[in-house]
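One structure below.
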Amino acid sequence: MPQQKTILRALAGETLPTPPIWMMRQAGRYLPEYKATRAQAGDFLSLCYNPELAAEVTLQPIRRYGFDAAILFADILLLPQALGADLWFVTGEGPRLSTITDQAGLDKLGPVDEIDAVLSPVYETVKILSRELPADTTLIGFAGAPWTVATYMIAGQGTPDQGPAHALKNENRPVFEALLAKITAGTIHYLSRQIDAGAEVVKLFDSWAGSLQGEDFAKYAVEPAREITAALKAKYPHIPVIAFPRGAGHRYEGLHAAIGADCIALDDGVTPNWAAGHVQIDGCVQGNLASRHMVTGGKDLIRETRKVVQAFSNGPHIFNLGHGITPDADPANVQLMIDTVRGI
Ligand code: CP3
């Protein structure tokens, strides 16, 4: 039985005449209405934990552009905070967390079954959204993948090469693996509650998967994603899972089966033609227009958008960027991309 919502149809493996479309970071600082609501909330974390305002910013890009999916407004670093890490955001710089570098740091984290005390406002946001979204818009919940979340928990901030996380992995593998296991268990719990609250699809963001080399990629990017997907599928067989191991390059091949995911999200490091032949042959793909076109626009945007649509036109495809839209993007370029995809 074909499903009604286009995103769910693509995730079920259907090839659609026009790919459904949404955009990573679609609620964000390139939108004046986001900046206004964020100013009202105060800081970024207050916005994440305010269900009415978080639902409002989630809905803003749906109202403006009519995207086929809405992604819950939250952050991958709320889970570490719920596990007991200190978290704050430095304006213009990004996240800061208390660091975990040894067993003592790991021991300070709280039990997984207590994370809802912090995260319940997020579930409330999901509930509001499932009431208020248009009937044809799919609600996507999400979490960070364990490796990416661990890179922030170990370093206490974003790092260009994930050096501190690689160092802990190489110098104290038991603590590193115990941290990953804890995040994995927390993620299963967190995503389960999002689904209970009304998320119709979940996505795992592994932004730093590409820095895992050799066997580490299978052990610390693929395996935790497989474990989370399997646990969710056991409880919620009808909920599609999108995995986004960013920077995987040629290792994107075979990931539908290795992870058990319904969809593999592609960054812009692979060409759409390569990905159609090597990844989309196994199932739905999402992506992969370079985000910079949302800044630069014009003929390049139209040409590259058409290239992505064309390359993936013979299989299930959800149109998206290869990474999040940046604050310097022009909202008019987003409309141009959507019109180009929809052939208007
Ligand atoms: O996509 C969406 O619209 C949903 C909401 C969402 C946010 N972050 C909101 C956000 C999602 C899915 C994320 C995921 C996320 N968060 C990732 C994985 C995806 C990726 O971008 O690689 C990561 C690594 C984070 C951690 C994080 N959050 C960083 C490093 C930063 C600072 C960098 C930046 O862009 O400012 C954030 C802040 C953040 N998360 C913002 C938003 C809208 C900007 C905050 C602001 O309003 O100032």
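Backbone N, Cα and C atoms are what each Cβ position is placed from, and that goes for glycine too.
Values in this document were obtained by computation on a predicted structure and should not be read as measured data.
So that you can see what the record holds, here are the features copied from TrEMBL:
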BINDING   Arg25, Gln26, Ala27, Gly28, Arg29, Asp75, Tyr152, Ser207, His323  substrate binding site
DOMAIN    20-29  domain 'Uroporphyrinogen decarboxylase (URO-D)'
DOMAIN    140-156  domain 'Uroporphyrinogen decarboxylase (URO-D)'
SITE      Asp75  site 'Transition state stabilizer'
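Every protein chain considered, the tally of other Cβ atoms within 10 Å of the Cβ of Asp75 (site 'Transition state stabilizer') stands at 20. Residues 7, 22, 69-72, 74, 76-77, 79-80, 85, 95-101, 126, 162-165, 168, 176, 179-180, 183-184, 187, 190-191, 194-195, 199-209, 212, 220-221, 224-225, 228, 242-245 of the same chain, all 6+ positions outside the domain 'Uroporphyrinogen decarboxylase (URO-D)' (140-156), place their C-beta atoms under 8 angstroms from a C-beta of that stretch. Taking only the Cα positions, the spacing between His323 (substrate binding site) and Asp75 (site 'Transition state stabilizer') is 15 angstrom. Ranked by how many other Cβ atoms sit within 10 Å of their Cβ, the binding-site residues Arg25, Ala27, Tyr152, His323 place Arg25 at the bottom. Per-residue pLDDT, averaged over the domain 'Uroporphyrinogen decarboxylase (URO-D)' (140-156), rounds to 98. Neighbour density for Arg29 (substrate binding site): within 10 A of its CB lie 15 other CB atoms from the protein chains shown. For Tyr152 (substrate binding site) paired with Asp75 (site 'Transition state stabilizer'), the C-alpha to C-alpha distance reads 12 Å.
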